[in-house]
Amino acid sequence: MAEKPKLHYSNARGSMESIRWLLAAAGVELEEKFLESAEDLDKLRNDGSLLFQQVPMVEIDGMKLVQTRAILNYIASKYNLYGKDMKERALIDMYTEGIVDLTEMILLLLICQPEERDAKTALVKEKIKNRYFPAFEKVLKSHRQDYLVGNKLSWADIHLVELFYYVEELDSSLISSFPLLKALKTRISNLPTVKKFLQPGSQRKPPMDEKSLEEARKIFRF
């Protein structure tokens, strides 16, 4: 029996959460080795496990993979979630890059200065409503299929639905004007593997609060 992928990161969302989502959607059981201190991170660095001295790191198929995009590409390819040809992979890459851009904007709200938060949150909401969600609604409307690419579940669908849940935490009304996106969210969320991941007690991580942010600051020294 193949060993479970082992994920090295803190017990928080961060850069690892998309990897957790993708493995869960693929129905892959995983093991997590949490960093609990800066010394834990130093140990990984000192034993040569981190090529570029940073996490996330995933042990899978005899490799110690770092760099989030490389890890996601490998998992998507391994579990047939990365399209059937170069054109489909190009579309998946294009969509996921847009998703990453917006996800990073949302995550950065957590660490911005308190006096800037309201203005920056309003700007992010404006971009969600007027740039990103209309773009993905347009994609689905253009081909009237159940999934973003090739009428088949791909990494892009999973990544987008993960984003929907982050946006919902920010403002649950933002998706209301986009019926095809709402339908996609429901469709993906009801897949047995994803539905299981969305249940309490799974390896999905909760939103970051002040306590978990402080823990991250100590581990990653920022």
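Yeah, the Cβs are placed from backbone N, Cα and C, and that goes for glycine too.
Binding site for glutathione per Swiss-Prot: Arg45, Gln54, Val55, Gln67, Thr68, plus Tyr9 from the candidate set Tyr9, Tyr132, Tyr147, Tyr165. Within the same chain, residues at least 6 positions away in sequence whose Cβ sits under 8 Å from that of Gln54 (glutathione binding site) are Val66. Between the CA atoms of Lys4 (N6-succinyllysine) and Thr68 (glutathione binding site) there is a gap of 18 Å. Fewest other C-beta atoms within 10 Å: among the recorded positions Ala2, Val55, that description fits Ala2. Close to Thr68 (glutathione binding site) in the fold, though at least 6 residues off in sequence, lie Ser15, Met16, Ser18, Ile19, Pro56, each with a CB less than 8 Å from its CB.
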